[in-house]
């Protein structure tokens with residue numbers, strides 16, 4: 001536990017020191033920052049804000065994790081597990097980096113095409129499966145102690161889980177501080193589970209990433225000086241999915257990650273209902289004022305009759321939701 005705290009503090013310090021230099025470099029090079037194409041008017045002032053901050057906390061977290069792992073976890077099983085998680089984080093980080101790079105430096109509005117991004121994400125999931133899942137012989141989903149053996153279909157589940165949650169966290173990263181703190185809450189919940197299981201290798205990775213993310217939040221809270229970009233959000237979502245699989249607690253991510261599930265579900269429901277009503281009535285209708293769900297809250301709260309919610313209020317509501325959901329999972333598992 002001391003090792004995890006020490007590593008987390010080092011990650012916090014290094015990220016906190018490096019981030020201002022990254023922001024300054026961004027500004028000195030006059031790189032075009034975040035573009036805003038949204039209907040939420042209060043977001044227009046954010047146009048040009050530096051992005052790709054995930055590059056910094058990912059490099060810090062993965063580098064420290066590799067160093068600490070090589071020094072303190074020399075057995076093959078732990079190194080294989082740590083390598084599997086870190087590789088999927090790096091691969092998804094690279095995917096996000098390419099996406100951000102094309103948008104910002106090459107002025108390609110959509111970045112990677114949906115097909116390109118999905119293909120790369122599948123490859124990342126396969127790498128994790130080959131490095132961690134196959135050697136462990138795992139082929140079952142653990143749900144409340146019951147193991148559902150899927151055989152080869154477990155590969156499909158792993159790919160669905162990793163790709164799905166990487167994109168879900170990406171959708172969540174839409175207002176200042178929301179994704180970074182939401183992921184910290186989720187990681188802390190998995191830190192408790194890892195500690196209870198004696199999985200100190202996973203706990204180390206969690207502690208380092210939590211430290212790096214807390215330092216990033218110093219620059220990402222409203223008004224944000226920098227955004228994490230796809231490089232950060234895609235990697236963090238993949239990390240959460242990989243950790244839930246590594247700890248054999250896959251189902252918990254549906255609850256611990258309730259914020260990401262809600263954000264993604266709102267988009268899927270909105271698109272489906274809009275297409276259905278357009279076909280049936282000749283005009284598309286909406287369930288939510290705007291999606292993902294955090295924009296729905298910004299434009300009128302839960303009821304729609306309230307005044308527009310500030311970003312801080314939306315953040316506080318969704319952070320609290322994630323925290324309560326995480327505590328419920330821990331209560332189910334250990335009380």
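Placed from the backbone N, Cα and C atoms, the Cβ positions cover glycine too.
These numbers come from a predicted model, not from an experiment.
What Swiss-Prot says about this protein:
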TRANSMEM  3-23  transmembrane segment
TRANSMEM  53-73  transmembrane segment
TRANSMEM  78-98  transmembrane segment
TRANSMEM  118-138  transmembrane segment
TRANSMEM  143-163  transmembrane segment
TRANSMEM  174-194  transmembrane segment
TRANSMEM  200-220  transmembrane segment
TRANSMEM  226-246  transmembrane segment
TRANSMEM  251-271  transmembrane segment
TRANSMEM  314-334  transmembrane segment
Completion exercise
For the transmembrane segment (314-334), the distant same-chain contacts (Cβ-Cβ under 8 Å, at least six residues beyond its ends) come to 175-178, 181-182, 185-186, 188-189, 192-193, 196, 222, 249, 252, 255-259, 262, 294, 297-298
Practice task
Count, for each of 118-138, 143-163, 174-194, 200-220, 226-246, the Cβ pairs lying under 8 Å from the transmembrane segment (78-98), and report the range with the highest count.
Solution key: 226-246
Problem - Other parts of the chain folded back onto the transmembrane segment (118-138), taken as Cβ under 8 Å at six or more residues beyond its ends - result: 80-81, 83-85, 87-88, 91-92, 95, 98, 112, 154-155, 158-159, 162-163, 166-167, 234, 238, 242, 245-246, 248
Handout entry: Among 3-23, 53-73, 174-194, stretch most in contact with the transmembrane segment (200-220) (C-beta, under 8 angstroms)
Key = 3-23
